[in-house]
């Protein structure tokens, strides 16, 4: 029998069954002696094997994760994505599950869109009747005459057109030498609603801080939900968190609409934000973990577009309802119907999470239901699918343990580096968005519609832009481009600040001034560009974070990233808290941080067409490709050819 010599290169990282078997047979020559390796193996065959290895390294892109997960080795274990295809779970059943995961995003978007209109300050003035003394509605000082009272009332009537709750003491409404409004306030109405909580409890002037407090608490509710509900999602499952939070959103929203004081409204709004964050986090995880690498971007953008549709839908519902309490019930009470998601076999748990947690029987049941949905009614699964399900534990080998301590997490520095960069990028992308306000963002109904439609429209355009470019140029490259455009828009707007506040404002404000019109057009253009690019950066940083965080800690890691994004939204209430003072300095700081993000993004790995990491070891291998050093043309084998004994000899 002719001897066989192993010429293959073992798979790195201790593949365990993933060794490339390139053994060749060495035949004896005519004189009975064994020839050389060059005589037995043709040069073309060795060159073909090297080309195949080079193609495998090229697909990996020099990335550690790509070399360990993307290289297809037949004897090795199947990935979860390959298991989905082998079982037949990709198809109509998968699309139905993804659709069920996208539907709750609509109500999350409705809840987010409600806060700006619920806290919008309506035009107001002090209620007064005719002009006899002490009947103007303002408190009269001790030494004021009746003539001064009438004159002051007329001045108040003229000044009432510009009053807002952001005035520190409503001095723009108060007549000279008068203190404060003794009677009720008259409100001229809101763009879409007749009244809101501000008009019901007169949260203006000295009580205006309660409105800003409500905005801050609502945002902190989202941040707390993202941060604290990530651990239960990793510990008890994604499905349970989604069902629990969806079931509580309805009672919380109805209770907030029935609250009898502003304090009760603020407390329930905080709880509502907490629950909506849990819904958003849970369904995002379930959508992402059910897709193969080619579907992840489309599914993520589909969820974002559903959210954009929710913002547009909210404007229509507000125009129909007119009352803020009825509108609150309308957007939250239907969430109680999501309790039907608890019906067995309808809304399924993440099979990827079940496999990582070693719940094999539950994972088999979920995969079987997904596969049966893709087949005609009554048709059995194929033999290959049945074998894959029965041998699931051996097909997808599990880690030694799925539990770990916090101290062990500190050893995975690469995971923490990716979390830090993406969290910082997401924070800046959300925080700087408030600085991009086009000219004319006042309190009139047309300005309100302009700002609302502009924010939603740029988000939709960002989704279209990402869908066209990301799969072609990669996640990291488009994220770098988005943050670069954000930084450019901020720097240009800061340069236009001096033109907006010139030395001679009287000459500048003249009607028909071409320089003034040109400046307003430039501010509007770069504001739209900044909104567009910051929306794209926020969407892509969240997706990239979900793709580099391992399944075992994906709920906690992604929750941290999304919580930082929610905290970035505090820049708006913080600026209103100081009545707009310091807006220029805030924009300067955020623009500098955006430039820092550009440098940090180059340290991130590329996840395009890569498998999701399952355990911490896989997440630690998510490293950036080399910027200067190219991968070698072939993988060098430093092991001597005959170093390993061959049992065939």
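Every residue gets a Cβ built from N, Cα and C, even glycine.
Per Swiss-Prot, the listed range annotated as transmembrane segment is 330-350 (candidates: 162-182, 183-203, 330-350). Looking up the ranges 139-159, 265-285, 370-390, 391-411 in Swiss-Prot, the one annotated as transmembrane segment turns out to be 265-285. Residues 240-260 are the range that Swiss-Prot records as transmembrane segment, among 114-134, 240-260.
Checking the ranges 300-320, 615-635 against Swiss-Prot, the transmembrane segment annotation falls on 300-320. No contact links the transmembrane segment (526-546) to the transmembrane segment (211-231), because fewer than 3 Cβ pairs that are 6 or more residues apart lie under 8 A. Within the chain carrying the transmembrane segment (448-468), a Cβ under 8 angstroms from the stretch's Cβ atoms is held by residues 116, 120, 191-192, 297-298, 301, 304-305, 307-308, 311-312, 315, 437-438, 440-441, 478, 528, 531-533, 535-536, 539-540, all 6 or more beyond its ends. Between the transmembrane segment (330-350) and the transmembrane segment (557-577), fewer than three CB pairs separated by 6 or more residues in sequence fall under 8 Å, so the two stretches do not touch. Beyond its flanks by at least six residues, the transmembrane segment (584-604) meets 417-418, 421-422, 424-425, 428, 431-432, 435, 476, 479-480, 483-484, 486-487, 490-491, 493-494, 497, 544, 548, 571, 574-575, 624, 627 of its own chain at Cβ-Cβ distances under 8 Å. For the transmembrane segment (265-285), the neighbouring stretch richest in Cβ pairs under 8 Å, chosen from 211-231, 300-320, 477-497, is 211-231. If you look at the transmembrane segment (300-320), the same-chain residues 6 or more away from its ends with a CB under 8 A from one of its CBs are 98, 101-103, 105-110, 112-114, 117, 192-193, 283-284, 287-288, 327, 330-331, 449, 452-453, 455-456, 459-460, 463, 466-467, 539, 542-543, 546. The stretch from 211-231, 240-260, 414-433, 557-577 that makes the most Cβ contacts under 8 Å with the transmembrane segment (477-497) is 414-433. If you look at the transmembrane segment (414-433) against the transmembrane segment (240-260), you find fewer than three C-beta pairs under 8 angstroms, all six or more positions apart, and that falls short of contact.
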